[in-house]
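**Q** The following feature annotations were taken from TrEMBL:
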type	residues	note
DOMAIN	42-75	domain 'Connexin N-terminal'
DOMAIN	141-209	domain 'Connexin cysteine-rich'
TRANSMEM	20-39	transmembrane segment
TRANSMEM	77-97	transmembrane segment
TRANSMEM	128-149	transmembrane segment
TRANSMEM	187-210	transmembrane segment
Amino acid sequence: MDWKTFQGLLSGVNKYSTAFGRIWLSVVFVFRVLVYVVAAEKVWGDEQKDFDCNTRQPGCTNVCYDHYFPISHIRLWALQLIFVTCPSLLVIMHVAYREDREKKNRLKNGDDCHKLYENTGKKHGGLWWTYLFSLFFKTGIEITFLYILHTMWDSFDLPRLVKCTNVEPCPNIVDCYIARPTEKKVFTYFMVAASAICIILSICEIFYLITKRVVSHVTKYKRTNKHSVTYSKASTCQCHIHLEATEKRPMNKTVESLRASAPNLTSL
């Protein structure tokens, strides 16, 4: 797998990520991909070849290895990294879709036409939901793979000795030994810790995005409500001034106007 190409593709997500997202991407490539490529692959090597059992029964060693290691740590981590980083591509694809729509709009209506998006990379509308979905998806994948790893190997432990019992074609109880168990255990704990940090960062980013969205809507609502109240007060004041002006008109002018309209009337 060409990790450099994959890294270059995902680095474009940094332009649309928050601070938590940038830290998450750094942790993934520095503490997970780099460690995986440089060290972990060499430590595990050919596991099945180094898996030694105290029997010469044909097929017993292979069956015992498959029983205790249904999937290799290395392959599981590679699959995890691919699944975890793929949701970030959704954000890039959504931004590319926005840019394509904006380009078609300019070609159709001219360069001075009204823009469809204020900023194609700004997390508003559908892009905000796409980004939030990618975070939930990444968090779910991380938790799922940690659960699988914990279930297959009890508490992420790699014992020096495993006993193969009731597994055909092995006779009775067969003792098998894992190569470099301590070194593998250290790398396993390191990868699990890095995965846990990524989960925490994703959860923090989810809360940050939701909180920021709620605060923005509340502020906008208060601003709109304040404007409507100010307009209502101004209208009330104008009506009050008009009423006061009407009440202050001289009564004698009113009487004179009545007499002018009906000169034959006499006072009682």
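Using N, Cα and C of the backbone, Cβ positions are placed for all residues, glycine too.
In TrEMBL, annotation is done automatically, which means it is predicted and not curated.
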**Q** Would the transmembrane segment (187-210) count as touching the transmembrane segment (128-149), i.e. at least 3 C-beta pairs under 8 angstroms with sequence separation of 6+?
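**A** Yes; at least 3 Cβ pairs under 8 Å.
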**Q** Using DSSP, how many residues of the domain 'Connexin cysteine-rich' (141-209) fall into helix, strand and coil, respectively?
**A** 44 helix, 10 strand, 15 coil
**Q** Grab the same-chain neighbours of the transmembrane segment (20-39) for me: Cβ-Cβ under 8 Å, and only residues 6 or more beyond its ends, written as numbers and ranges.
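**A** Same-chain contacts beyond the ends: 3, 7, 10-11, 13-14, 74, 77-78, 81, 84-85, 88, 187, 190-191, 194-195, 197-198, 201-202, 204-205, 208.
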